[in-house]
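Single-structure report; data block below.
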Amino acid sequence: MTKKLHIKTWGCQMNEYDSSKMADLLDATHGYQLTDVAEEADVLLLNTCSIREKAQEKVFHQLGRWKLLKEKNPDLIIGVGGCVASQEGEHIRQRAHYVDIIFGPQTLHRLPEMINSVRGDRSPVVDISFPEIEKFDRLPEPRAEGPTAFVSIMEGCNKYCTYCVVPYTRGEEVSRPSDDILFEIAQLAAQGVREVNLLGQNVNAWRGENYDGTTGSFADLLRLVAAIDGIDRIRFTTSHPIEFTDDIIEVYRDTPELVSFLHLPVQSGSDRILNLMGRTHTALEYKAIIRKLRAARPDIQISSDFIVGFPGETTEDFEKTMKLIADVNFDMSYSFIFSARPGTPAADMVDDVPEEEKKQRLYILQERINQQAMAWSRRMLGTTQRILVEGTSRKSIMELSGRTENNRVVNFEGTPDMIGKFVDVEITDVYPNSLRGKVVRTEDEMGLRVAETPESVIARTRKENDLGVGYYQP
């Protein structure tokens with residue numbers, strides 16, 4: 001009888017990536033098949049996020065539901081992973097003794113052994129350590145699920161912003177070697193992936209080892225990824241302004257595979273608040289980056305993160321944030337009311353902004369960015385946009401859907417053979433969360449470039465010793 005696995009995922013794209021790797025890993029080692037129905041599962045895994053307020057209580061509420069399933073089926077294995085697991089550790093079992101496995105973001109690769117241990121003697125397992133690169137070494141080969149894919153290139157963060165738990169729950173920055181990343185992407189491209197999204201908590205801080213022992217830069221990596229045959233679009237998230245160096249901006253100037261859309265969190269437009277947040281950059285420095293980016297790529301659109309109601313934020317501070325929003329003309333944002341995360345320096349600050357004031361500021365900020373986003377969308381009306389067709393539209397099974405370079409969802413009439421390919425679509429209608437259009441050109445009519453293969457890149461950049469022996473070892 002087929003064994004079933006149910007994974008519930010909360011949080012960022014990194015968590016989504018981790019959950020997909022858990023599923024692949026347990027399929028490869030134990031033959032577990034994913035199910036959307038928790039009641040059918042032999043193993044239940046909760047992949048948690050600790051960014052938002054009351055994250056812990058949300059976890060225990062979900063576990064309370066699963067407890068009822070465990071009472072009906074004592075052999076059911078329940079595991080809790082992700083950032084709340086890393087933060088809370090044994091405390092989870094103190095409140096929910098029926099949980100069998102507690103694992104952190106860096107130990108998910110040990111899940112097969114943890115499950116075997118629980119199956120063997122029913123003893124609970126807790127492993128929230130930080131074994132650095134070992135996680136990536138032990139994950140199964142990637143499996144494509146459509147024309148787009150996420151690829152994790154690094155973990156952790158060294159920035160220690162005062163409001164953020166990531167350095168404490170995912171550890172400090174660890175970069176994957178460039179060869180490992182390129183090999184994974186080449187495998188995905190061979191399975192039909194056309195667009196990759198490079199992931200990291202601070203992705204542009206990537207400093208991975210190259211095949212010759214040197215340390216690569218993020219700009220170097222972007223160019224190598226762009227050279228992989230079949231990869232026509234590259235995205236990355238999430239970036240930090242302090243690591244957004246001029247060599248990355250140059251990649252926007254000369255690498256068309258890098259999309260004209262960037263998510264670059266700023267959090268506030270007030271230098272005083274940025275300093276309290278530990279962001280290590282000013283609003284002016286942020287705007288300087290955007291100015292350089294738009295000089296290199298005039299059509300680039302920018303999204304950002306904002307926290308409103310940070311301890312000490314005055315009306316003047318908020319007005320500076322609104323001015324920054326207008327100056328940069330952000331296309332979209334992820335914006336939140338400040339919520340103190342336990343164990344962070346900001347949790348010890350006096351939360352002196354009234355709750356109603358926080359809500360009002362958030363409403364004003366989101367309304368302004370929604371207006372700017374709609375203005376950007378209206379500019380696209382009547383233009384022809386290149387769309388990567390991802391599948392059937394959520395709005396109608398008779399239509400297809402895909403995304404523009406600037407991350408707009410576009411719905412249009414098409415044929416199933418277009419899925420996984422590019423089409424040019426004339427934009428005919430604009431809606432708050434999507435666009436509509438009609439196909440004017442298929443991929444066969446585009447004459448797309450023939451990409452350079454990884455082998456040719458390596459041959460061109462090959463380094464040899466005095467005997468003519470190359471340093472590269474495939």
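Note: Cβ is positioned from N, Cα and C throughout, glycine not excepted.
Copied over from Swiss-Prot, here are the features:
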{"type": "DOMAIN", "residues": "3-120", "note": "domain 'MTTase N-terminal'"}
{"type": "BINDING", "residues": "C12, C49, C83", "note": "[4Fe-4S] cluster 1 binding site"}
{"type": "DOMAIN", "residues": "143-375", "note": "domain 'Radical SAM core'"}
{"type": "BINDING", "residues": "C157, C161, C164", "note": "[4Fe-4S] cluster 2 binding site"}
{"type": "DOMAIN", "residues": "378-441", "note": "domain 'TRAM'"}
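Where Swiss-Prot records a feature, it is marked here on the structure.
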residue	record	Cβ neighbours (10 Å)
C12	[4Fe-4S] cluster 1 binding site	19
C49	[4Fe-4S] cluster 1 binding site	19
C83	[4Fe-4S] cluster 1 binding site	26
C157	[4Fe-4S] cluster 2 binding site	22
C161	[4Fe-4S] cluster 2 binding site	21
C164	[4Fe-4S] cluster 2 binding site	22
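Counting in whole angstrom, C83 ([4Fe-4S] cluster 1 binding site) lies 12 from C164 ([4Fe-4S] cluster 2 binding site) by their C-alpha atoms.
With DSSP states grouped into helix (H, G, I), strand (E, B) and coil, the domain 'TRAM' (378-441) comes out at 5 helix, 33 strand, 26 coil. Ranked by CA distance from C49 ([4Fe-4S] cluster 1 binding site), the binding-site residues C157, C161, C164 have C164 at the top as the closest.
In the three-state DSSP scheme, C161 ([4Fe-4S] cluster 2 binding site) falls into the coil class. Each residue contributes its Cα atom, and for C161 ([4Fe-4S] cluster 2 binding site) and C12 ([4Fe-4S] cluster 1 binding site) these two points are 17 Å apart. C12 ([4Fe-4S] cluster 1 binding site) is 14 Å away from C164 ([4Fe-4S] cluster 2 binding site) when you measure Cα to Cα. Taking CA atoms as the reference points, C12 ([4Fe-4S] cluster 1 binding site) and C157 ([4Fe-4S] cluster 2 binding site) are 15 Å apart.
Averaged over the domain 'MTTase N-terminal' (3-120), the predicted model has a pLDDT of 90. In sequence order, W10, G11, M14, N15, T48, S50, I51, G82, T169 are the residues of the same chain, not among C12, C49, C83, whose CB sits within 8 A of the CB centroid for the [4Fe-4S] cluster 1 site. DSSP assigns C12 ([4Fe-4S] cluster 1 binding site) to coil, not to a helix or a strand.
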